[in-house]
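Inspection log for the structure reproduced underneath, given as structure tokens.
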Amino acid sequence: MQIINVVYSFLFAAAMLPVVHSLGINCRGSSQCGLSGGNLMVRIRDQACGNQGQTWCPGERRAKVCGTGNSISAYVQSTNNCISGTEACRHLTNLVNHGCRVCGSDPLYAGNDVSRGQLTVNYVNSC
């Protein structure tokens, strides 16, 4: 009986541990992402793919659609590494193919985990 109580206690404790899931490619972003009409992701992708000679470093806004209020921009984050324009084009194409229309993030590295580095398209305060 004592062993059963120990097993049940262990199973209960294990069930209470938080489940951690890596957030892979996704169409998440600011709450304002849903307010925009049209398919801005394609415009962002086309800008980036039209200028593949650029280097994209963390925080630099390389492709953007500027609006009167907020704007949408693509940038690298969650890493210290830069990526090539060709890589940026590939990641933005991944987002378009995933069905993202305005905002989203694509992991930079194998493992589909954006916490290790990501190319993000999201609303920003200014161009």
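Including glycine, each Cβ sits where the backbone N, Cα and C put it.
Swiss-Prot names the disulfide partner of CYS27 among CYS100, CYS127 as CYS100. Among CYS103, CYS127, the one Swiss-Prot lists as the disulfide partner of CYS66 is CYS127. For CYS89, the disulfide partner named by Swiss-Prot from the candidate list CYS33, CYS49 is CYS49.
Of the listed cysteines (CYS57, CYS103), only CYS57 is recorded by Swiss-Prot as the disulfide partner of CYS82.
Counting only same-chain residues at least 6 apart in sequence, those with a Cβ under 8 Å from the Cβ of CYS33 (disulfide bond) are CYS27, VAL102, CYS103, ASN122, TYR123. Here CYS57 (disulfide bond) is compared against the disulfide-bonded residues CYS49, CYS66, CYS89, CYS100, CYS127, and the shortest C-alpha distance is to CYS89. Every protein chain shown contributes to the tally, and the Cβ of CYS100 (disulfide bond) ends up with 26 other Cβ atoms within 10 Å.
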